[in-house]
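Copied over from TrEMBL, here are the features:
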REGION    1-20  region 'Disordered'
TRANSMEM  77-99  transmembrane segment
TRANSMEM  119-144  transmembrane segment
TRANSMEM  150-167  transmembrane segment
TRANSMEM  179-199  transmembrane segment
TRANSMEM  224-246  transmembrane segment
TRANSMEM  267-288  transmembrane segment
TRANSMEM  323-343  transmembrane segment
TRANSMEM  364-383  transmembrane segment
TRANSMEM  389-411  transmembrane segment
TRANSMEM  423-445  transmembrane segment
TRANSMEM  465-487  transmembrane segment
REGION    506-533  region 'Disordered'
Amino acid sequence: MEIESETPGSERARSWRANAQEASKKLEDGDRLIKEPAWKRFLAHVGPGFMVSLAYLDPGNLETDLQAGANHRYELLWVILIGLIFALIIQSLAANLGVVTGRHLAEICKSEYPKFVRICLWILAEVAVIAADIPEVIGTAFAFNLLFHIPVWVGVLITGSSTLLLLGLQRYGVRKLEFLISMLVFVMAACFFGEMSFVKPPAVEVLKGLFIPRLKGPGATGDAIALLGALIMPHNLFLHSALVLSRKTPSSVRGIKDACRFFLYESGFALFVALLINIAVISVSGTVCFADNLSPEDAERCSDLTLDSSSFLLKNVLGRSSAIVYGIALLASGQSSTITGTYSGQYIMQGFLDIRMKKWLRNLMTRCIAIVPSLVISIIGGSSGAGRLIIIASMILSFELPFALIPLLKFSSSSSKMGPHKNSVHIIVFSWLLGLMIIGINMYFLSTSFVGWLIHNSLPKYANVLVSLLVFPLMLIYIFAVIYLTFRKDTVVTFVADSAQIDTEKAKAAGEEEEENQPVPFRQDLADIPLPE
């Protein structure tokens, strides 16, 4: 009996046929998806933008909004407007990067940068996730304090297990859970809108605050940086570039263009809603705290406004039940934002280190680290100290932003990464101008604040010298790192120009309609990532 042996050539031929059949099937599926109505294709892409937008309504945003209104009335509304416009641009760039390359931002950073730089970027990204989790921990603890009169530090300890319980409930359907949480968050938004209609902030002053940049009064620059840090968070860029990979995007020029456009529309609507809610919170806080008939008790609260002491702002709408409704909505806000932070941490670890952890273990690790400073500050400084820690965490996020933003701007504007789908000249100029403006403000605030502290503190001279020797080199390293990321030339090519590009160029000569259905020449070597179920 003869035994047929397979030659390497026959194995290659069979593998080639299998790959060809798979590619043909993908093209057929893409053609079928493209022929569906536009509204149906748009609904198929809805989800990532709204999930990311929950991070713009988290306890960190509420805390910075409340203090901005109580300290500066409407003068910092322009920061919210510019921040969310910039957030829309960079979130869209993150979504486009994922759609075109088939990889998320952390994975491209891993392939692009040397090992030392890669490890540093991973550490900074993890610190950003932890800094973003601190407001969720404190916000949830404040919610427990409002609902059950539990001390804040005890609420911080309970918070570690509350999110694990919430993640465990996802087996019953994460979509239903996210919908419930979102509805609770929007209940709080409706309360602030109702209160805003009651207190009636002057429309002219609100419009001036939105469109006339001002930084007057003590602490205005710090509050503005905290607002930006709470709005534009580094881990959101990693998250959005990964979440879009859960949608079936046809691998054709038209399919990718449609997906990028649909994600832009979805993010625009979600962030517009977030903008309105943030404006309402600042307007209510600014109007109530600067009212002529403010009681002495409320005036004292406004002087040091925190999440757990701000329920009185809604008493005109909700009366005695304001604390309960506000506490429930605050609890929902903290928990929903924590889910996005958990997934962000998972993608960051998987992308930089190729390590995939179970969601509950990842959440437990991040939360345990975030609990330590929250617990210490809440025990020593109470509610007031915990509120200040939220502001500090938001400022940390703002300082960390360049280490996610600069790679995103460079990758999304690079022909070697995006091919013909790279950013237009207008987007490149506008996004870099805004990005450099935010980075410049951060550096200015960092340097002037530190120098001012050195001049006015009461420490001995030798202590000031030691602090200077420690801090100034760190500031120089920060500036050097930003310059390095900005001017370093990309070396890794993820956009591969192969025969498909030749076909595309031929189709371009034949006609636009034919061109749009050609395969897109890009390397998609990301087989599967753990996405929300």
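From the backbone N, Cα and C atoms, a Cβ is placed for every residue, glycine too.
Automatic prediction, not curation, is the source of TrEMBL annotations.
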Stretch in 77-99, 119-144, 267-288, 423-445 most in contact with the transmembrane segment (364-383), if contact is a CB pair under 8 A: 119-144
Listed stretch, out of 77-99, 119-144, 224-246, 267-288, 465-487, that has the most CB pairs under 8 angstroms to the transmembrane segment (389-411): 224-246
Contact call for the transmembrane segment (77-99) and the transmembrane segment (465-487): at least 3 Cβ pairs under 8 Å, seq gap 6+: no
